[in-house]
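Trainee: Can you keep this structure in mind? I'll have questions shortly.
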Amino acid sequence: MSKILIKNIHTLYQVGEDFPEMICGEAMKHVPTIKNAFLALEDGVIMAYGSMEDWEGITDWRGVEVIDAEGQSVLPAFCDPHTHTVFARTREEEFVDRINGLTYEEIALKGGGILNSARRLGELSEEELFQEAMKRVNNMKANGTGAVEIKSGYGLSVEAELKILRVIKRLKQESGIAIKATFLGAHAFPKEFKENHQAYIDLIVNEMLPLIAKEGLADYIDVFCERNYFSVEEMQYILLEGKKVGLIPKVHVNQFSIMGGVKAAVELGALSVDHLEESNDEDIEVLKGSKCMPTFLPGCSHFINIPYGNARKFIQEGLPVALATDYNPGTTPCDNMQQIFSLACVKMRLTPEEALNALTINAAYAMGLSETHGTISLGKSTPIILTKPIDSLAYIPYAFGENHVDRLVF
Ligand code: NIG
Ligand code: FE
């Protein structure tokens, strides 16, 4: 049994027992803390915490690893509820095309984008894909991420989608952190189905879904609902079929255009609606009173130069907000939630406390990990971020080029 005691913690953030399952609206401004604190873990489970003044010491020191934090602070690990971590190659040539004036949509229309990544996926074996993805997950851990949702979607054939999902399954077993798998066969129409959408949708529904269900390869189902990709009606049909085999919807909507995808996804019981660079009053009204988490991806806005989602308005209207990286080779080659933290504060005008709620408890909700992750609460098994010495929470998004994570403690 591993026993860890962290003492002399400068500030313990996001700590307590009275958290709701998600933090909404005004309440996002508040992060409960304990200053000059201790924290005890047993086999990675939070057993005790409190102020050093109330610490009664330990009678039996055998087998206890003591970490003297001496001014370092502690947060629950970030949860990253939206990534495309399993991919074959980076796409910096498209980055240069954008610098030279092309848009993401123009590049996609000439065969770049998702189809570019799908073509390249075949160049790597399952083992190679796993090794590459594992390196990426380790890098995420070094940057403070303690749980990751990973989508398929760069396969776009039965064989290749299953290959990605098997890699994700192995990451679940070997990464040492919680991983959730999302089936995103409906990421783009392969070239050969450009004129026959129904045939590709049939392939997803009649061939991919049964195999995925049989092998237990996914927790969630995603569709990229967007012009030139999947229509609202196509999304509804695919999500409904996914639900029949137990997959919960979690979708890409409103990245470039508003098509009514938010309403359709909420009505189908989506756990989260992600992107939302574009949104309108109807989207906000539909989300009110739902159990669906609006999830913003500011790394994507930064990198492909599109508007930032109006998270401020969502919060003002009393909604919760979560944040994720969207880590992928096309729109967000950034796996680092600390960068997302900073972008959310600088570009979306979230306060550091609002952003921390969005990166921890609300992000945990958006990937079905409320029971174990997102807060420092008794019985939870979230990894713990031990920061480098920082005087305030705001210093993390403020000093945006630095890695503020000393290490994750399990
Ligand atoms: O979330 N928008 C759809 N999917 C990804 C990008 C995929 C790609 O360009 O490779 C995203 O941004
Ligand atoms: Fe995405």
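Placed from the backbone N, Cα and C atoms, the Cβ positions cover glycine too.
Caution: TrEMBL annotation is automatic and unverified by curators.
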Trainee: Please state which member of H10, H252, H404 TrEMBL lists alongside H82, H84, D326 for binding Zn(2+).
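Mentor: Answer, per TrEMBL (Zn(2+) site with H82, H84, D326), from H10, H252, H404: H252.
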Trainee: Among T11, T33, T325, T331, which residue does TrEMBL annotate as binding 4-imidazolone-5-propanoate together with R91, Y154, H187, Q255?
Mentor: T331
Trainee: Which residue among the binding-site residues H84, R91, H252, D326, T331 has the fewest other Cβ atoms within 10 Å of its Cβ, if you could check?
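Mentor: Sparsest of the binding-site residues H84, R91, H252, D326, T331 by Cβ contacts within 10 Å: R91.
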Trainee: Which ones are near G330 (N-formimidoyl-L-glutamate binding site): of the binding-site residues H82, R91, H187, H252, Q255, which have a Cα within 10 Å?
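Mentor: Checking each Cα against G330 (N-formimidoyl-L-glutamate binding site), the hits are R91.
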Trainee: For the domain 'Amidohydrolase-related' (304-391), how many residues does DSSP put in helix, in strand and in coil?
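Mentor: Grouping H, G, I as helix and E, B as strand yields 32 helix, 12 strand, 44 coil.
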Trainee: Within the set R91, D326, G330, which binding-site residues show a CB-to-ligand 1 distance under 6 A?
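Mentor: Passing the 6 Å Cβ check against ligand 1: D326, G330.
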